[in-house]
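Trainee: Quick one: the structure is below, and I'll ask about it shortly.
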Amino acid sequence: MDKQSTGRKMSGGGTTGALLYAVSAAVLGMLQFGFNTGVINAPREFIENFINENYSVNSGTVFSVIVSIFAIGGMIGCPLASWIADKRGRKFALIVNAAFGVIGAVFMGFSKVSTSLAMLIIGRFLIGINCGFATTASPTYVSEVAPVRLRGAFGTVNQLAVAFGLVGGQILGIDVILGSNEGWPWLLGLAIVPSAVQCVMLPFAPESPRYLLLVQRDEEQARRALTKIRGTTEIDDEIKDMHDEDRAEKQEEKFTVGDLLRMESLRTPMIIGIVMHLSQQLGGINAVLYYSASIFVSTGLTERDARLASIGVGSMLFIMALVSIPLMDRLGRRTLQLCGLGGMTLFSILMTIAFFTYENNTTMSVFAVLFTLLYVAFFGVGPSSIPWMILSELFGQGARSAAVSVGALVNWFANFIVGLTFIPLSDLLGNFVFLPFTILLIIFFAFTYFKLPETKNRTIEEVTALFKK
């Protein structure tokens, strides 16, 4: 390709109304993921009251199931999204996912009036499928409709949507809005809004041109969709690039999940990727996201103040998502991951100290909240996003899909373990509840320091060569 056409490719492909519309429709699924992660936090007391009034069971244990069944749905949603997206298209997959969201929200919203704990659990499970589905389908669609030079920027929109949904769920959960005995079914049922809006928007969004061209082999439809998204008919370079990518991909040897375990050159980066995903979840972040209101109450805050303080958790994640964007390529993945894990370790220790000294000490109650927010801030520096991107940078094209699928499954399973065990762990360990997470964070930090290579400014070939030596 000559210099003139290269310059044309790099300079062309800006934002258009059609592109912004398509991306907005897709990332509502990630907003849904953030919303349903954060929304379960505030109404714990009222949901447990509902359980106690109608069932002779341990409400704390059942609430743990309600929280964690979300992750089981996520484990199912991830591979289901990949299968449907490849068989029927990215847009169709997103529409199917929106339907899961609507049904799940209806089940949760009507669970109290129906006096049905089963409806609440099933609704949480279906919304989990919806969110697992979204974590696969939405980034895939966004990356395929975005211009190459803006793909990174549009990729961060997914993380921002998650953080925005998290904050929104926590704000709506305060007592003066929907954080009440009457309001909690409405709070959970509001999950219908993003999915319903998606159902309206997605039929008018274009299909992924890459899917149309390389999977459907319909170049005419692909050109039509790409022309609409780019707002120009000068798309020959991009169509050619897709064909070149396809030819290169076909020449790559394909690897299965079994190959990742058998071959040492694949097994080592797979272990690194799995540990990175485990560090995201088993460092305790979802204990804070799911149960921050309960944690803050245990430090001496009132129920109302604890819910208000929880809004700071989501807000901190949103701010750090913005801050980490320019740092990612400037400081590198390894540096940010080490910085994040180190900061989380320090502040989880300080949180434990604060838990022991808050009684009759308002200052330490404030510090306990502050340490929790700083713990969340350091999570946002690296561990919130790097595990999701590192596997695509450690593997070549032939093994990448299998590796990313394993990583996502491990992540959701670890999410399930934390959601299910935190309440029993808190009952058992009391003020020492974050000690197991602290120990794991130290292990993850040491593993990252010795095993994770820096991928910044390195080609895939250079990275994969490190594991063949």
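The backbone N, Cα and C atoms fix where each Cβ goes, and this holds for glycine too.
What TrEMBL records for this protein is below:
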type: DOMAIN; residues: 22-456; note: domain 'Major facilitator superfamily (MFS) profile'
type: TRANSMEM; residues: 12-35; note: transmembrane segment
type: TRANSMEM; residues: 62-85; note: transmembrane segment
type: TRANSMEM; residues: 92-111; note: transmembrane segment
type: TRANSMEM; residues: 117-136; note: transmembrane segment
type: TRANSMEM; residues: 157-178; note: transmembrane segment
type: TRANSMEM; residues: 184-205; note: transmembrane segment
type: TRANSMEM; residues: 270-293; note: transmembrane segment
type: TRANSMEM; residues: 308-328; note: transmembrane segment
type: TRANSMEM; residues: 335-358; note: transmembrane segment
type: TRANSMEM; residues: 364-390; note: transmembrane segment
type: TRANSMEM; residues: 402-423; note: transmembrane segment
type: TRANSMEM; residues: 429-450; note: transmembrane segment
Trainee: Hey, would you say the transmembrane segment (157-178) packs against the transmembrane segment (12-35), going by three or more CB pairs under 8 A that are 6+ residues apart?
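Mentor: Checked: the transmembrane segment (157-178) vs the transmembrane segment (12-35), in contact.
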Trainee: So if I exclude everything within five residues of the ends of the transmembrane segment (364-390), which remaining residues of that chain have a CB under 8 angstroms from its CBs? That is, six or more out.
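Mentor: Sequence-distant neighbours of the transmembrane segment (364-390): 159, 272-273, 276-277, 279-280, 283, 285, 288, 292, 295-296, 299-301, 309, 312-313, 316-317, 319-321, 323-324, 327-328, 333, 336-344, 346-348, 350-351, 354-355, 357-358, 407, 411, 452, 455.
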Trainee: Hey, which bits of the same chain come close to the transmembrane segment (62-85), Cβ under 8 Å, at least six residues off its ends?
Mentor: 36-37, 40, 44, 47-48, 51, 55, 92-93, 96-97, 100, 117, 120-121, 124-137, 140-141, 211, 290, 401, 405, 408-409, 412-413, 415-424
Trainee: Please figure out which one of 12-35, 92-111, 308-328, 402-423 racks up the most CB pairs under 8 Å against the transmembrane segment (117-136).
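Mentor: When the Cβ pairs under 8 Å are tallied, 92-111 comes out ahead.
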Trainee: With the transmembrane segment (184-205) as the reference, find which of 92-111, 270-293, 308-328, 402-423 contributes the most Cβ pairs under 8 Å.
Mentor: 92-111
Trainee: Is the count of Cβ pairs under 8 Å between the transmembrane segment (270-293) and the transmembrane segment (92-111), pairs 6 or more apart in sequence, 3 or more?
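Mentor: No, the stretches stay apart by this measure.
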Trainee: Grab the same-chain neighbours of the transmembrane segment (92-111) for me: Cβ-Cβ under 8 Å, and only residues 6 or more beyond its ends, written as numbers and ranges.
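Mentor: Answer is 25-26, 29, 32, 77, 81, 84-85, 117, 119-120, 122-130, 133-134, 137-138, 141, 185-186, 188-192, 194-196, 198-199, 202-203.
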Trainee: For the transmembrane segment (429-450), could you work out the same-chain residues 6 or more beyond its ends whose Cβ comes under 8 Å from its Cβ atoms?
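Mentor: Distant contacts of the transmembrane segment (429-450): 275-276, 278-279, 282-284, 287, 334, 337-338, 341-342, 344-345, 348-349, 351-352, 355-356, 422.
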